[in-house]
Amino acid sequence: MQIQSLFIQPHADGKTGDISEFTKHFWTFCISSTSNCVVLQDNHIKTSKYNIFTFLPINLFEQFQRVANGYFLVLLILQLIPEISSLSWFTTIVPLVLVLLVTAVKDATDDYVSSALYSFSSECSFVLHAKGKWMNVRVGDIIKLENNQFVAADILLLCSSEPYGLCYIETAELDGETNLKVRQALTVTSDLGDITKLMNFDGEVICEPPNNKLDKFTGTLYWRDNKYPLDNDNMLLRGCVLRNTEWCFGMVIFAGLQTKLMQNCGRTTFKRTSIDKLMNTLVLWIFAFLICMGVVLAIGNTVWESWIGRNFQVFLPWDESQRSAVFSGFLAFWSYIIILNTVVPISLYVSVEVLRLGHSYFINWDRKMYHSQTDTAAEARTTTLNEELGQVEFIFSDKTGTLTQNIMVFRKCSIDGRTYGDVYNEFDQKKTACVDFSFNPLCDRRFRFYDSTLVEAIKLEDPAVQEFFRLLALCHTVMPEEKSEGHLVYQAQSPDEGALVNAARNFGFVFRARTPETITLCEMGQAVTYQLLAILDFNNVRKRMSVIVRNPQGQIKLYSKGADTVIFDRLDPSSEDLMYTTSEHLSEFAGEGLRTLALAYKDLDEDDFEIWMKKLLFASTVIENREDQLGALYEEIEQGLKLLGATAIEDKLQEGVAETIACLNLADIKIWVLTGDKLETAMNIGYSCNMLRDDMNEVSSSGDTLFSVLSPPLTHPSIFSEQLRLKIIKFVVSWQAHALEPLLEHILLDVACLCKTVICCRVTPMQKAQVVELVKRHKRAITLAIGDGANDVSMIKTAHIGVGISGQEGTQAVLASDYSFAQFRYLQRLLLVHGRWSYFRMCNFLCYFFYKNFAFTLVHFWYGFFCGFSAQVRILPDLSVFLKDVDDRTSLRYPGLYKPGQQNLLFNKRLFFLCTLQGMGTSFLLFFIPYGAFSVMVKEDQQAFAVTIATSLVIVVSVQIGLDKHYWTAVNHLFIWGSVTVYFAILFAMQSNGMFGILPSNFPFVGTARSCLSEQSVWLVILLTTVVCVVPGLAVSFLRVDLFPTLTDKQSRKREGPQGQNLRRVRRTSSRRSAYAFSHQQGYGELITSGKNMRASAVSSAHSPGRTPHSSNWIENMLKRKNEVSCISDESGDRAKNRLPSSSTEPELH
């Protein structure tokens, strides 16, 4: 890896030091108040594709990737040659420049709206070496951050308001984890809180070059002739939010595009739709067909000149440049290329852009995608991908903030064999009166509970109930912050832990304060202080947490909470009956999608505890196997527990997430969840939103054992294939970096695509993009990525379509997206309504356009065999932007209507071929029916013959588009019959006395149209031509509807449809889930008991010199689910639900 930038500290003599040892692997820079340092990178981040200098060449390069634009450029060059051009070059350059200009303006607007500068515009609290704006921060600046402020650069933490240089951060935008994390400054810099000391800070940092590894940092600080190692625990990365810390100072290490977050964001790419790519291929085919027509007519010209033309040279002499019949045919070839150029119409691309622009406005104006709570409307940030929304096969979704609200709510509990509470959500409309907590002055007024019997039990001093909430108030690592009297704010390591402490607070057991030695509660209005003797911290192997306290009566108690399977294994035999009852309650809670925990306690003997405590202190100081010894001691004392009950917490999804996912699944859209969270967390959300069900068999893998995990489908394909046929496989991947290596990625993709549900855990932002790219590359399917945080930007940019949710994690995802809105549920309407309509309209427009153009252009081809006649017909474009086959309610009610877009059924090479055949047949009839009827008139009055054909053409194509309409509205009537009216107006105007008087040489046929169209025979021929051209297509359409009906045809023919599909969540029956799944690292037990996170005043009053803090490190192990329920789902009901209803609603104009 080579160095990208370099900071060099000069020597006293002005010469630079020896940097050869750093140029390969290290990044070095200095901070000094006296020396001059080379400043490299500011904090500007540009995500726009263009700037003022690169816009013209890049945009022209992109536009000329459209083959048609290149074709018209060549055509323009040909028209500059007078020997072969029968048309003025002006007729081509004006529309070409217009198309290029309109598209360039649109692209520039899209790029500008997508934010040219992707940077924080807010001011820093304090900057030592910058001008106060985040965008002006440079590498080496020392800046001050305040509580709840975003970090906009990669910063080395120097000091903070907290003891020992600690600070707390939230990294949701980096890895999707909502729990707080701890960062700590070096001891030597932790006392630099004074501005004077910071001004005198003089040091040199040598570190790794910029990279995308969010969990790793390697560097060294050289200061005062000493060197200090730096790692990720000393860094605040861009995208973090400072929490529970009044202020901190840090030094900028990486800024702008060199920050780790931006290194994960990927590059902005030019996105083109599959229809654009198909049109490029079709244009090449049409051009080849045009060449063939030119060759045929050129050969005809050569033969005619050789056999017949020689006899008329007295009257029609050759030009001076025309030396032979062969050369005449050569010139005729290029002339016909120009004359027949309308077979590749430049107006096609103008019309396509108009359609796309109209679709974008429809999305922006859709009130059903407007979120009133945040005053956020849906926004189409690009106008080039609308029809792609109707072809999506894979959706890649973030979890945190996209599917969830990051809110945990205490819903139910089981205490001493009795359940309390009622889940209140949109799925279960059972309502009970909300509990009145007015008896508790310290309650959280936002808390809601719907079972008053629990409060009555509290007031009656039920010992089991009181002990239950006492445990919740004591057994945790939450930090309280009392901003004013009675105004408590809890800073929790995980949202579920905060929800449990908040529930205890509302039921009268209020957690008020803590020191390293004590915990203070307010129990039913009385202050009670417990002595904190030990914290047996949570980790992912133990799956439980315990505290040992001494109450005011002198009793020593152990309180424990954790996963039910772990707690039940450690219960005293006296709790066996209660365990069975509680287990049934846990199954009920889990069946409702709630997250569960079991609670237990134990009375400890004083002497036994003293002996155990001595063992603990010894184990805390050993060097080898400290973790194992501590784990064994924890296991020893956590035996013989007495069960209290269980809690049930609702992990709140965003509104409508479960229904949206169910509806998209019915549309055969595969949804993959890509999250930085751990395995248990992702699976919990999967069950909550009904992506995972208990009737699915689980294929779970971690990256280092992928081959062994995938061996069942590889070694027993018949069994696995049967499970896949029944759609009962779920695939859960706990990610490792080498899971995407070429040797493994194909197996991973093949198995994942065969499964009903795929969830990828512990993925970095760059790995999210790699997964999307893997599907794009090998499945060739349209992909959509949706997220709300900066950690989703790379995925959003990589997918064919990127959707940003304007949530609580900033606006980075929105700025990088193609479409944005406020809630995940709006994705359903974006795809099934707007996407389907856009694709349907674009396909119908293209089919009609190619039919119309072949019908028009080939008339010249047929006429070329007789006299080389050419004509110009102008027809107003069909405004298909208002076309739709079913209304929005039907599109949402029957998601199966979306499937034709995924299969490219509405416009493909086959349909293009059929449209061209229909156009060729129409052109043949348009020419030869009038020719046969007026064979004499053709020889005498060719202009009248041309008027007859042109009028027939306009009427035929107008009737044809009228027959293709599914709904008739005022707009349809206006543009269809308006185009016919305008045609006649232009025709009579061009052959009027007034135009002849102005330009006699260009408009010599005065009165031809009036004279021709006044004849009844002409109108009879026009009627005959129209009927003969339209009837075959009409007959084919009727036969197709009867013999090969589409989903829309079936829906239109149904008079009465089945009842609406039930998209409600399925009640779960097992798979209890520990609420500790949201803790992604070891708890704060060591930090609390050490006192490092306590204020000095609070610690000194309660510190005991006899205490020795203990610490333990743990290795995260992936645990497989123990109980798998394998059952075969009956799909007959699903088939019944896929029937289509009648279309009895009136069409709506959007």
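Cβ coordinates are placed from backbone N, Cα and C, and glycine is handled just like the others.
Listed features, source TrEMBL:
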- D398: active site, 4-aspartylphosphate intermediate (ACT_SITE)
- D398, K399, T400, E497, F538, K561, R595, T675, G676, D677, R762, K768, N791, D792: ATP binding site (BINDING)
- D398, T400, D788, D792: Mg(2+) binding site (BINDING)
- 1140-1150: compositional bias 'Polar residues' (COMPBIAS)
- 41-93: domain 'P-type ATPase N-terminal' (DOMAIN)
- 814-873: domain 'P-type ATPase C-terminal' (DOMAIN)
- 880-1046: domain 'P-type ATPase C-terminal' (DOMAIN)
- 1050-1073: region 'Disordered' (REGION)
- 1125-1150: region 'Disordered' (REGION)
- 87-105: transmembrane segment (TRANSMEM)
- 282-304: transmembrane segment (TRANSMEM)
- 324-350: transmembrane segment (TRANSMEM)
- 911-932: transmembrane segment (TRANSMEM)
- 944-963: transmembrane segment (TRANSMEM)
- 975-998: transmembrane segment (TRANSMEM)
- 1018-1041: transmembrane segment (TRANSMEM)
>> Averaged over the domain 'P-type ATPase C-terminal' (814-873), what pLDDT does the predicted model reach?
In response: 80
>> With helix taken as DSSP H, G or I, strand as E or B and everything else coil, how many residues of the domain 'P-type ATPase C-terminal' (814-873) land in each class?
In response: 41 helix, 3 strand, 16 coil
>> Please report the distance from the Cα of R762 (ATP binding site) to the Cα of D792 (Mg(2+) binding site), rounded to the nearest angstrom.
In response: 13
> For the binding-site residues listed here, T400, N791, which shows the highest count of neighbouring CB atoms within 10 A?
Replying inline: N791
> Relative to the Cβ position of R595 (ATP binding site), how many further Cβ atoms are located within 10 Å?
Replying inline: 27
> What subset of the binding-site residues F538, R595, D792 lies within 10 angstroms of the residue listed as 'active site, 4-aspartylphosphate intermediate', using C-alpha positions?
Replying inline: D792
>> Around the C-beta of D792 (Mg(2+) binding site), how many further C-beta atoms are within 10 angstroms, looking at every protein chain?
In response: 35
>> Distance check, please: Cα of D792 (Mg(2+) binding site) against Cα of F538 (ATP binding site), rounded to an integer number of angstrom.
In response: 30
> Whole-number Å distance between the CA of T400 (ATP binding site) and the CA of D788 (Mg(2+) binding site)?
Replying inline: 8
> Where among the recorded positions D398, F538, G676, R762, D788 do you find the Cβ with the fewest other Cβ atoms within 10 Å?
Replying inline: R762
> How many Å lie between the Cα of F538 (ATP binding site) and the Cα of D788 (Mg(2+) binding site)?
Replying inline: 30
